[in-house]
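**Q** Okay, these came from TrEMBL:
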- 6-147: domain 'Flavodoxin-like' (DOMAIN)
- Ser12, Gln13, Thr14, Gly15, Thr16, Ala17, Ala59, Thr60, Thr61, Gly62: FMN binding site (BINDING)
- 139-381: domain 'FAD-binding FR-type' (DOMAIN)
- Arg283, Arg315, Ala316, Phe317, Ser318, Gly349, Leu350, Cys351, Ser352, Trp530: FAD binding site (BINDING)
- Thr394, Ser449, Arg450, Lys455, Val456, Tyr457, Val458, Gln459, Asp492: NADP(+) binding site (BINDING)
Amino acid sequence: MQVPQLLVLFGSQTGTAQDEAERLGREARRRRLGCRVQALDSYSVANLIREPLVIFVCATTGQGDPPDNMKNFWRFIFRKSLPSTSLCQMDFAVLGLGDSSYANLPSKFIFQFLQEVPSIGAEELNLASSAPQTPPSELQPFLAPVVTNQRVTGPQHFQDVRLMEFDITESNISFAAGDVVLILPSNSEAHTKQFCQLLCLDPNQFFTLKPREPGVPYPPGLPQHCTVWHLVSQYLDIASVPRRSFFELLACLSPHALEREKLLEFSSARGQEELWEYCNRPRRTILEVLCDFPHTAGAIPPDYLLDLIPRIRPRAFSIASSLLAHPRRLQILVAVVKYQTRLKEPRRGLCSSWLASLTPGQAGPVRVPLWVRPGSLVFPKTPGTPIIMVGPGTGVAPFRAAIQERVAHGQMGNVLFFGCRQRDQDFYWQTEWQELEQRGCLTLVTAFSREQAQKVYVQHRLRELGPLVWELLDGQGAYFYLAGNAKYMPTDVSEALTAIFQEEGRLSTTDAAAYLARLQQTLRFQTETWA
């Protein structure tokens with residue numbers, strides 16, 4: 001049997017690729033393969049047409065240039081006169097060796113800065129529209145004017161929660177109870193300025209993007225002629241916590257030895273515990289990391305911004321109103337995210353903090369890019385079908401939309417279990433619920449957890465009203481809905497339901513669990529929870 005012949009050709013400047021090629025040669029011979037190892041320029045390239053199996057081992061030098069001992073080969077292989085079928089009989093593999101200190105991971109786009117301000121209207125700087133021809137989407141959001149931005153928690157309450165109302169006149173937006181609105185936030189003015197200063201960017205400079213490879217689509221949501229300010233404030237998520245890949249690319253771009261060494265450590269397998277302590281545990285942002293590595297930040301080529309920093313993603317909010325009750329309006333309940341870590345500055349939610357900062361009625365309209373999509377909650381269309389809703393805290397938002405919609409259609413079997421800390425601090429829409437109670441449109445059950453020594457939650461109220469819950473579910477075919485924080489409450493409510501099935505329905509533990517499973521399978525038990 002003929003011994004297979006392998007050829008290993010290397011292009012090496014400092015010896016690394018040669019060492020790797022010779023190692024491959026030893027491995028091949030150990031496996032009883034005939035193998036030759038040669039530098040590319042010492043091999044007669046015309047003989048390649050007779051080689052059945054070749055491995056090319058190539059390193060880069062300088063700023064991604066071919067090594068000296070393969071430059072002749074490189075020129076030969078790119079000759080236009082070379083027939084395209086010259087090497088069709090050859091099986092080959094390429095092993096490329098790079099250097100993590102090179103800034104040649106090629107970027108996806110090239111920034112082409114414009115010397116003159118393009119003659120375009122201001123509206124082209126934002127792809128959102130104030131009067132769309134089709135229903136708004138992520139690629140074409142609607143710029144909705146903010147009508148109301150009202151704090152609905154008391155001054156002594158630990159959390160700032162806002163009721164926000166948007167004008168959606170002429171937006172082509174329609175929605176039903178259970179739908180959600182997607183909102184595209186912006187970075188703060190202060191953070192945008194800080195980022196531009198740190199990276200030595202002119203915020204007023206216009207640019208356009210050129211893909212390095214054919215077929216690469218233009219970044220969605222960016223105008224063709226864009227300012228650096230628009231890119232940083234409305235596109236780059238500089239307030240997000242960076243991933244490991246961020247540190248890998250940043251290390252490649254760093255010209256500073258000490259900073260590069262630390263970045264390489266963070267991006268290595270052995271450095272993951274330290275990276276977690278530095279970045280993930282305290283929720284350190286991309287902007288804060290760049291501030292910690294100023295020499296590296298100041299040397300980042302603009303071409304790499306879109307590779308380095310992810311795009312700002314839209315945030316979803318349950319719609320808290322019905323078009324039947326509030327025509328041409330869309331309302332949401334926003335809990336402003338703010339918490340402390342070991343870092344000096346408190347951590348803030350990008351979207352909720354941005355929304356809370358908006359003040360309608362000042363100079364000119366304040367607009368928010370948004371669009372609507374179906375949510376996970378679907379309410380019964382059959383008249384007379386009762387619904388049980390469990391919505392502690394801001395989880396009550398989608399149920400306000402459902403109640404408004406059902407009341408407008410004359411559907412009366414609405415039971416709401418609402419929980420909060422104190423009735424005078426975070427009892428959202430108290431007056432509205434009580435008026436509906438007086439009209440016989442709503443059965444309201446409340447749980448105020450901090451108003452007595454023993455904490456009382458919605459699951460306790462469910463157990464107290466077990467006979468009513470069982471009669472509605474088993475006797476009247478009611479639908480059961482749950483919305484709110486995903487930490488403990490969903491499990492506690494499910495356990496309360498299972499106990500009700502056992503106590504009121506006289507079901508065994510196994511049968512009670514099966515009953516709950518059937519409700520879920522038939523969409524008579526639906527949840528919408530978030531972390």
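Glycine is no exception: its Cβ is also placed from the backbone N, Cα and C atoms.
In terms of burial and nearby residues, how do these features look in this structure?
**A** Taking the domain 'Flavodoxin-like' (6-147) as a whole, pLDDT averages 81 in the prediction.
In sequence order, Gln18, Ala21, Ala39, Val57, Ala59, Pro67, Asn69 are the residues of the chain that are 6 or more apart from Ser12 (FMN binding site) and have a CB within less than 8 Å of its CB.
Other C-beta atoms found within 10 angstroms of the C-beta of Ser318 (FAD binding site) number 26, with every protein chain shown included.
The Cβ of Val458 (NADP(+) binding site) lies under 8 Å from the Cβ of Val390, Pro392, Phe417, Phe418, Gly419, Val445, Ala447, Met489, Val493, each of these being in the same chain and 6 or more residues away along the sequence.
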**Q** Rounded to a whole number, what is the top Cα to Cα distance in Å among the residues the record ties to FAD, namely Arg283, Arg315, Ala316, Phe317, Ser318, Gly349, Leu350, Cys351, Ser352, Trp530?
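**A** Result: 26 Å between the two most distant Cα atoms.
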**Q** Within the chain of Asp492 (NADP(+) binding site), which residues six or more apart in sequence place their C-beta under 8 angstroms from its C-beta?
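**A** In sequence order, Tyr457, Gln459 meet the Cβ cut-off.
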**Q** Can you tell which of the binding-site residues (Thr14, Ser352, Thr394) has the fewest other C-beta atoms within 10 angstroms of its C-beta?
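**A** Per-residue Cβ counts within 10 Å for the binding-site residues Thr14, Ser352, Thr394 bottom out at Thr14.
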**Q** Nearest to Thr16 (FMN binding site) by Cα distance: which of the binding-site residues Arg283, Ser318, Leu350, Ser352, Arg450 is it?
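**A** Closest recorded candidate to Thr16 (FMN binding site) by Cα: Arg283.
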**Q** I'm trying to understand the geometry here, so how far is the Cα atom of Val456 (NADP(+) binding site) from the Cα atom of Ser318 (FAD binding site), in Å to the nearest whole number?
**A** 25
